[in-house]
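Engineer: My questions will all concern the structure given below.
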Amino acid sequence: MADAIKNEVRSFPSGKKITVVFVIGGPGSGKGTQCSKIVKNFSFTHLSAGDLLREEVKSDTEQGTMIKNLMHEGKLVPSELIVKLLLKAMLQSGNDKFLVDGFPRNEENRHAYDNIIGIEPEFVLFIDCSKEEMERRILNRNQGRDDDNIDTIRRRFEVFQESTMPVVQYYEKRGKLRRVDGAKSADEVFEDVKAIFVQLNAQVVLSFVIW
């Protein structure tokens, strides 16, 4: 399957720069809010691995049925399949700037992305927020939801620490991490986020001038 997907990468226009930014943060860190603001201000296409999986499940395809069965059985969807859906959405968007929300969730996701798509992210935006603050936000915004009881929330935090933080550390070692304080108000966080994306735009313009 990986070879077939690699062939699809050639569908990107030859010589056209594809910009990818990963957005990572714990549950309740405000990723969705910041992604919406980035899309509005910087014309990125927002892609969420979770949303892409849910959309595929709703379809009548064989792949959608397989994903649905895996989820029902409590099994993880293979990383290659997630990346395949991500690539398909990128190609169909017609855009060349992508904001990938909540991905990679773990090292397996990261390896699959590198092997199949292989477009180096410009940087990884890490919305850093304390466990206490994220817990407070989730409980306040989703009162009454069964999947947002305190035990479930804490388990989600544990999974994030165990699975996703090694990805954050990997990109930090490579100088790719851009960390913002997610404990601030959404508007204050975006001021920090905006400065990072303005700098990215300036680098892109400069690269064209030099070229």
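Each position is counted from 1, following the chain as shown.
From the backbone N, Cα and C atoms, a Cβ is placed for every residue, glycine too.
Taken from TrEMBL, the feature ATP binding site covers Gly28, Ser29, Gly30, Lys31, Gly32, Thr33, Arg141, Lys184. Per TrEMBL, the feature ribonucleoside 5'-phosphate binding site maps to Arg54, Lys75, Leu76, Val77, Gly102, Phe103, Pro104, Arg105, Arg145, Arg156. The CMP binding site feature in TrEMBL is assigned to Asn109.
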Engineer: Under 8 Å Cβ to Cβ from Gly32 (ATP binding site), same chain, six or more residues apart: give me those in sequence order, or none if nothing qualifies.
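Structural biologist: The list for Gly32 (ATP binding site) reads Asp101, given in order along the sequence.
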Engineer: For Gly28 (ATP binding site), identify the closest of the binding-site residues Arg54, Leu76, Gly102, Pro104, judging by Cα separation.
Structural biologist: Gly102
Engineer: I'd like to confirm something. Which of the binding-site residues, Arg54, Leu76, Gly102, Asn109, has a Cα closest to the Cα of Arg141 (ATP binding site)?
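Structural biologist: Result for Arg141 (ATP binding site): the nearest of the binding-site residues is Gly102.
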Engineer: If you count Cβ atoms within 10 Å of the Cβ of Gly28 (ATP binding site), leaving out that atom itself, what do you get?
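Structural biologist: Counting Cβ neighbours of Gly28 (ATP binding site) within 10 Å gives 23.
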Engineer: Which ones in the same chain are close to Thr33 (ATP binding site), with CB under 8 Å and 6+ residues apart in sequence?
Structural biologist: Ala186
Engineer: So how many other Cβ atoms are close to Pro104 (ribonucleoside 5'-phosphate binding site), meaning within 10 Å of its Cβ?
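Structural biologist: Cβ-Cβ neighbours of Pro104 (ribonucleoside 5'-phosphate binding site) within 10 Å number 28.
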